[in-house]
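Beneath this line is the structure, given in structure tokens, with notes to follow.
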């Protein structure tokens with residue numbers, strides 16, 4: 001008799017609610033601005049209060065308090081202050097980044113070719129650009145709108161969550177070698193179509209822009225298709241497209257993020273690099289924010305930066321003064337919420353830096369079953385196998401033995417499996433925000449991250465079980481770091 005043995009749920013499948021919540025997070029975080037907005041909502045729902053860099057924090061930040069601050073709407077730092085915090089005490093820090101490789105709409109995007117309305121785009125980061133062809137593309141980001149009553153420019157988030165644009169490939173009949181080598185010009189052939197030109201389109205546009213007023217640069221209607229502007233205006237419920245002053249918009253795969261695989265062991269989505277770490281560090285902090293906070297002598301802090309994919313050198317990137325400035329403010333904060341005096345402050349920030357630890361979290365390369373020879377033979381991370389500790393002798397990653405011992409202890413206490421990764425000697429190695437912040441602050445640092453396949457594709461693959469593993473690890477790190485940091489000193 002022929003029998004079929006049904007498999008039980010795979011051990012690599014996560015039984016928690018985190019995978020479904022992560023998918024929802026991904027589907028509402030199509031730009032760094034939306035990502036930070038969603039992190040803010042989660043923090044506020046867990047009792048965190050917003051601060052501003054423009055204000056003094058004296059009297060506003062106190063022991064047992066929970067706070068967050070944003071910069072540019074695309075980077076965010078959140079922290080919980082221990083009940084026994086004093087200047088000079090340690091800070092447990094996790095770091096991630098909010099950006100991903102993408103196509104960004106150019107300042108003057110209006111293009112027309114062969115009666116097609118096209119949108120000029122600029123490549124951002126090092127994506128696998130061929131993966132963007134033949135995808136239904138949505139548009140999301142930040143729009144500045146003029147308030148008719150006050151005259152102020154107001155930033156609004158917009159997500160045109162519909163199949164709006166497409167970059168079509170050339171038919172195989174016209175390119176017989178396409179399956180041997182797919183080549184294209186990123187300036188002229190990585191250009192999406194958005195509609196068909198009508199004879200009245202140009203006349204309508206000229207009428208709208210010919211109002212006789214002086215403008216320092218081309219008007220918004222001269223720079224972008226009125227059809228695109230009209231969709232933005234409708235989404236934001238504003239009266240006229242002329243109220244749109246400028247925008248920062250990126251394209252994304254409209255195909256929704258989802259769980260997949262025989263047992264939902266996979267997450268199929270864009271932007272896993274690095275919204276994975278944003279999501280897990282966010283949950284790790286909020287889960288630990290109130291745990292024995294009365295007895296906590298340190299601060300528990302998470303940072304999510306913009307612009308990692310292009311080197312981090314911006315006002316809101318990891319190479320900026322954003323984190324150092326926050327550490328500076330916290331290092332002059334006395335237990336009663338007032339500020340320290342200058343001489344004490346200088347010593348305190350040095351002591352805090354020496355005692356603190358930074359977990360730089362960015363996704364890692366999972367072993368690819370079809371290209372296993374591309375990996376170092378003894379370091380092949382598996383999806384569902386837990387967070388990956390990344391090591392590089394040339395300091396592309398910051399992991400060293402003291403840090404590894406520390407994280408190993410935390411993982412064992414939290415029952416979290418870990419994996420190790422180094423690149424093969426004949427392969428290039430990427431990097432993270434870890435080396436940038438380690439050299440900038442002198443804070444001890446370790447690089448780790450959850451494994452993914454197809455990194456920098458428009459559609460990546462992660463492991464659903466790894467989400468809970470990393471959240472548990474971060475929670476353990478926040479809760480226990482100050483009690484064990486003195487045990488591993490070099």
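Here the Cβ of each residue, glycine as well, is placed from N, Cα and C on the backbone.
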**Request:** Please state which member of 130, 173, 379, 456 Swiss-Prot lists alongside 273, 309 for binding Zn(2+) 2.
**Result:** 456
**Asked** Need a hand: Swiss-Prot gives 97, 273, 308, 309 for Zn(2+) 1, which of 147, 159, 362 is also on that list?
**Response** 362
**Request:** Mind giving me a neighbour count for residue 390 (substrate binding site)? Other Cβ atoms within 10 Å of its Cβ, every protein chain shown.
**Result:** 30
**Prompt:** In sequence order, which residues at least six apart in the same chain have a CB under 8 Å from the CB of residue 308 (Zn(2+) 1 binding site)?
**Reply:** 97, 99, 274, 317, 318, 362, 432, 433
**Complete:** Same-chain residues at least 6 positions away from residue 365 (substrate binding site) with a Cβ under 8 Å from its Cβ, in sequence order, are 375, 381, 421, 451, 452, 455
**Request:** Let me know how many other Cβ atoms fall within 10 Å of the Cβ of residue 362 (Zn(2+) 1 binding site).
**Result:** 24
**Request:** Compute the C-alpha separation of residue 390 (substrate binding site) from residue 273 (Zn(2+) 1 binding site), stating it in Å without decimals.
**Result:** 15
